[in-house]
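Scroll down for the structure; my scribbles are underneath it.
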Amino acid sequence: MGFDAELNQTTKNDDLDIELGGISDENIPVATQRILSITGVLNVNFPLKNDSSRVQISYDKNQIDPYSLYQKIQSIGYKVNPKLENISQAYLRIQGMHCNSCVMNITQTIEDLPGIHSIKVSFDDESANVLFDSNIIKLSNIIKEIEKLDFQVAMSTKNDEDKNKDHMDSSNTPLLPAENTRQSSPSKPFQSISINDETETCFVSITGMTCASCVDSIQRNLSKVEGINSVRVALLAHKAEIKYNPEYIIPSQIAYLINELGFRAEILDTVEQSVDIIDLHIENMTCSSCVRKIETSIGKLHGVQSAEVALLTHRGRFKYDPSQIGPRDIIHELDSIGFPASLVTEDSKTTNLAKIHRKETRRWRNSFLLAALFGIPAMIIMMAFMFKWKNHEEAPQVIRGLSVENLIMFLLSTPVQWISGRYFYIQAYKALKHGSANMDVLIVMATTTAYVYSCIVVLFNITQRLPSPITFFDVPPMLMMFVALGRWLEHIAKGKTSDALTKLLSLQPPQGTLVQLDEKTNTIIEEKIILAKLIQRNDVLKVVPGETIPTDARVIQGTSTCDESLITGEAMPVEKMIGSQVVGGTKNLNGMLLIRATHVGHETALKQIIKLVEEAQTSKAPIQALADKIAGYFVPVIVGFSGVTLICWIIIGYTQYDKIEKYSMYHHSMMGHQSGKEPSRMEVILELAFRFAITVLSIACPCALGLATPTAVMVGTGVGASQGILVKGGEPLEAAQKIRTIVFDKTGTITQGKPTVVDTRLFIPNDPYWTLKRMLAIAGAAESGSEHPLGKAVRAHCKGHFGCEQFGHCEDFNAIWGYGLSAKVNGIESLVNKINGSGDNISLNDKTYSVLIGNREWMERNNMNVTNEIDAAMAKHEHDGHTAVLIAVDSTIIGMIAIADRIKPTAPLTIFALQSMGLNVLLVTGDNVKTARAIAAQVGIKNVYAEVLPTQKERFIATLKENSRNGDKVAMVGDGVNDSPALARADVGIAVGTGADVAVEAANIVLIRDALEDVLGAILLSKTTVRRIRFNFLFAVIYNLIGIPIAAGVFLPLGISLMPWMASAAMALSSVSVVMSSLLLRNFRKPNIQKYDNQEFILWSMNKGKNINVHRGIDDLERTPNGSFISSLRGSRLAQILSGAVSAVKQQASSSLYDKQKAALLLNTHSLDDETELQVVT
């Protein structure tokens, strides 16, 4: 039967009856085979036909134990629910939890272990209560699993155990095995890409990650699963790339595992089923009418879902259903309407824009030179005949009806009309063929009307033997010349709008020096130059002084300084040492570096910045929608207006001939003084009517309207990028200037995000032996074995103080989490003597100190008395939100070290500047009320919301948006990690200090430098850019509103009129003026924050700690319905005027109040603390 081996070893076998999750009835045979493949498993049986969850497993106890068997089963994707019989209880202390996500991470990880009944983790108490089956899993295994999550774990002390037991007894937690009722979350579909025959990749968007612990949890747990080859999780981008073998596991099982870890896997937002995206380079676009034509024509095609076209970058992005239409169909349609298109490849995206600008610039330069070859002589001849022969009849004539002037002008006009004008005719024909009209239509109509009219009147006068008429042969060459000149200058100027992007592109390093190190000596044994595209992760590269760093990397050897100005906007060189991160594209100034590549290819910061700038410059600001709408109707309206002008002047000519005759060119040529040779009435009327109609066509310019917004957006985003401010498009650029409420996160945004020593104090005065240096040397040596954040802060402070890495020898190190540490320290005397010099007459080189470092409770538990003086010193720091740590040596408390998360140096100035602009500044944090109040008092924020969970921050922002007045915007400023939901919810999300991690998807504005004042710079950049957009738009509108009536002869009675060639020059100048106006944005510079350090700031600083309202949670956040009277006043212009008036009064009074308040503060140093008493709104 094949079971002999199994029967012969029954004494060594055992059976398990367990429940499995993740198996369907159809997959029972596959599950059986996969479980049987585990070493030591002898037999697998599903006893019930319709129950795939219950399974009986026989196994060899000599080869595998129950816990390992359960782990193996879970590693192949099946959830194990064993029967628990021998329940034990353990109490643990866990150090290192930063948020509720850490609690969830620990809970989910331990609950998934075989043999765990339940675990309760307390964030506040930093403890855990675990119920488990000791026959299945050992306590050491539980501790080991928690430590893998980068937390410190220790068995709880007896007092804590009794406390936890009381808590457990009060909670009536049953110690019996309970049925697992958790259900797997329904998984969403994944985007799968075939890599090869055995491996596939799925890209997942994961929500719920708040810190590096979450990333580690996902990567560690998924990496254990059989069939998963690699897991890469990006915290800031909230994405994961998972490579797996479909023969072992499928995406639905991966989704189940991620959901079981407490997160949520969703399909990527940018991936749409049955929708493809194609990027095309589009030629021959001249104005916004072309953009509208392309978007409407392609948008009407069956299967095309959206069409977005950017005029300045000559790029179009089209979303389409590949089952209904293909990319070739879209390209063919673009060609048919007169806009040749080509596919954008990854390599050409960064270089094609410059090529297009060069090609277009050359085309219009050549066109201008050809037109000028005929246009300039035409202008000279026209002026010469006008001044030499004022009487037109006296000018030399070839034959009756054809003067020499008209013949020469005809010969100069014809080549321009049909050679230089060929391009305009082709474009106009294609536009009219598809029912649209653009700038080319206006030019063709103006030149054709002038040319054809002139030919007709000359032929008519020749046939009728009449004097040579006045013609408009000068219009085609001069109009073509001025249009070509305008387009040439316009393209030169438009090329400069992308200077910032060009500079970024030029930073891309072409190559790097790859080296191979000797494993024993770490010396270079081989080096070769390779292309930057061929650099792989973990490659070791050599960078010599003056060389460009080829990719993002970490320094492993050497020290130097790097110029990062074009990446971060930081003018001063940045020091680099071992462990420092370097950014690809920056320049190494001095010192040879060996670096290890961390990000390569499209992952590098430079590539990410270029991508963001490209996308921003191709996006449209909301205000552009109005310009596009106007452009769609502009040309037809102008053509109609020109026709109306022609008809009106013909009517006026026949009804008011005596009044308008003097304005005719015939009148100025004095022909009217020759008796019997006066021009006919019709000649005079038609000359006036056609002149004004042609002038209307010549002066109208939709290009100025179309260029008003995109040129400013392109220059603004480029200038921002060059100064470390990445604005993701025109929409946030426009929205930022409407910000009225700005919310700051605390940790990592207002503060530096890492604890540092802020104060040191000795409690043994006048003792020459116990000096501050000796205390710091002892503390640094004792903390050398600590991984606690506070211990690291003490160690870092001591390193900076002594300038060395080693302080002495530490032994018998023992840390009790939540209390402190004990250790024995020796070998510090040489360091103290070196610092003190030879004058130190006490030298006990071998003296060993018994050291205790910790809080009050730790000192009291070790029978040490905390005096009132010591308690008062600690209380003062605790009132300011600091952590006070006592240091005891040989049973005597000798000193204290205060540790805090310091505020950023420019935080108060930045808050003052924002408040001076009339913004409502709020602080939201998950910290306790006392710490939140202390930080707010230091930076001057009056409204604080403390103890706000990360999940509540998003709801807080949503409520603020509901309360805001229509048009006012709410901004959220954070670090882009655990506040991503709030950044995404805000009207404008600003991520600060991202460094090389610029791909913060939740943020609309990314600030590369960790400088809070850049928030002010971003808002001022928005205000400056939008102000320039409005100026451009206003100029274009006024130009057309004033220029067109003048061209139509409306102001002729006042003696104001234009000739067609003058109108064409004005039209060309208008477009160039708009682009040049936008280029003025290149002069924008971020404000120097120190300019706000004035007398008004000093007065503000004296009162910044007063009247602080600290709210516990967000439940009491006021809700003002939109549309109410209070809501309409909030943020209104009236409120801004009143705020400005109050500020002015304060400034005038500041000079007199300053000395008084300063004197008061000097006389009573405690008054400020009394006035800043905490106001908690509950």
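The backbone N, Cα and C atoms fix where each Cβ goes, and this holds for glycine too.
As recorded in TrEMBL, the features of this protein are as follows:
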COMPBIAS  158-169  compositional bias 'Basic and acidic residues'
COMPBIAS  170-191  compositional bias 'Polar residues'
DOMAIN    88-154  domain 'HMA'
DOMAIN    200-266  domain 'HMA'
DOMAIN    276-342  domain 'HMA'
REGION    158-191  region 'Disordered'
TRANSMEM  368-387  transmembrane segment
TRANSMEM  407-425  transmembrane segment
TRANSMEM  437-462  transmembrane segment
TRANSMEM  630-652  transmembrane segment
TRANSMEM  1031-1052  transmembrane segment
TRANSMEM  1058-1081  transmembrane segment
For the domain 'HMA' (276-342), the number of residues DSSP places in helix, strand and coil: 22 helix, 22 strand, 23 coil
Long-range environment of the transmembrane segment (407-425) - Cβ separation under 8 angstroms, sequence gap at least 6: 367, 370-371, 374-375, 377-378, 381-382, 398, 440, 443-444, 447-448, 451, 454-455, 458, 471, 473-477, 480-481, 484
Stretch of maximal Cβ-Cβ contact with the transmembrane segment (1058-1081) [cut-off: under 8 Å; candidates 368-387, 630-652, 1031-1052]: 1031-1052
Residue numbers, six or more beyond the limits of the transmembrane segment (368-387), whose CB comes under 8 Å of its CB atoms: 395, 405, 408-409, 412-413, 415-416, 419-420, 473-474, 477-478, 480-481, 484-485, 487-488, 1061
Residues in the domain 'HMA' (88-154) grouped by DSSP into helix, strand and remaining coil: 21 helix, 25 strand, 21 coil
Mean of pLDDT values spanning the domain 'HMA' (88-154): 80
